[in-house]
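Summarising the annotation, Swiss-Prot assigns ATP binding site to 30, 31, 32, 33, 51, 87, 88, 89, 90, 91, 415, 495 and lists sequence analysis as the type of evidence.
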């Protein structure tokens, strides 16, 4: 086992804080409408220009092991916020840096780290409850467009296109983002169906940059049983090899020899294939398989209706224009089923909804109906260059996550105002001692940090802006986009409640743990072995007699 270096107390905390600051300072320049871009070097291709906090955070690795630990913990804050709400990563990073900085000052002054953490936790619990009270429903298309605009760094065209997409496929509909061919953004609404089952083996992936499987004009085989013997699939695979088209297998499960053979055939390029489990369980699975069959114009191969997999032909398979499979979801776009049959199936499900007495069953039936009758909206991002395309696509994806979060939990005034208003209402949280009280104060000060950073990035004096906003009430705040004060909701500056809540919770959780650090352990850097010295020249050989 390699030797380790251990640092204690203040030495450890100073190193950790240095790492936190390096990462947070790189991320926080992107915050707000006047935030700057960060350029990321790539080992291949052109550099990536981004204003997305989590993209910047993920690129940072520091040479010093102890500083790197601090940076990695803040990176975790950004990643968690991104996973939970899809946005708010920069806000979370700024909050974490503020809590760690203030917390470590208090620890250096002799306060108890555990009590400080308890105080911070109490303040955050109260703040989250207060955020829910402050939250308003995000019901209309205008509010959705405003949320999308703010998340896409004040790009109104992105906010508008997302609002239109949600209007067309419904708030629960499936919206995907793709790279377009034009200079402008375009919206395509395609009939399609998505269900929550991903690929059965990562070896099916053919788009490594997105970690997904994409099949163009595939056949779709639907089987209501487990497939473990490859012999059952041979007739279909042989027929398929002649057509040169890909195949999507949707079955109860594909395992053992069958899965291994499919993977090998796929990797060798003999047959382009992907397999996923059928959605749902029991009777619901049978019904959902039938939905997919009607959508794609195929037949469900089930022994209970006298159909055997070995005797199946290409006529039994459904077809679709495109299938996209990720780790968690499968989307079938433009199935070639007959419209009359799809409409009949939708009206049949409507009838079942009316007759059902169970709320759970009704919800599941409505989901099925939306998938059959709704569709998939595809936002095609337009740009002049590949570098701009990547940057714009990341912003559209962020905006989409933010609007979904807004529909889910509502919206609060944006621009850091919500946290300022919440902080003013929770100053008297009940605590057990003075150190816990200081923990609450640390959390309250940190809640000002996002607004201060937005003002700093806009070239304003942060303290002046923060005081002006604190002296106001309700939705009164600072619009950094045009350097004015006013009602944030009227100016269309909204943040999803879920994004603000997640940012605060994850920042406090990880920053609180960092404050309580007393020792750090890391491997010693390996000393490079010296190069071998040059070998002396060989002496000449004596003349031979």
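Cβ coordinates come from backbone N, Cα and C, glycine included.
Structure coloured by features recorded in Swiss-Prot.
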residue: 30; record: ATP binding site; CB count, 10 Å: 22
residue: 32; record: ATP binding site; CB count, 10 Å: 28
residue: 51; record: ATP binding site; CB count, 10 Å: 21
residue: 88; record: ATP binding site; CB count, 10 Å: 32
residue: 90; record: ATP binding site; CB count, 10 Å: 28
residue: 415; record: ATP binding site; CB count, 10 Å: 26
Binding residues 30, 31, 32, 33, 51, 87, 88, 89, 90, 91, 415, 495 (ATP) - maximum C-alpha distance in whole Å: 17
Reduced DSSP assignment, residue 90 (ATP binding site): helix
Residue 415 (ATP binding site) in three-state DSSP notation: coil
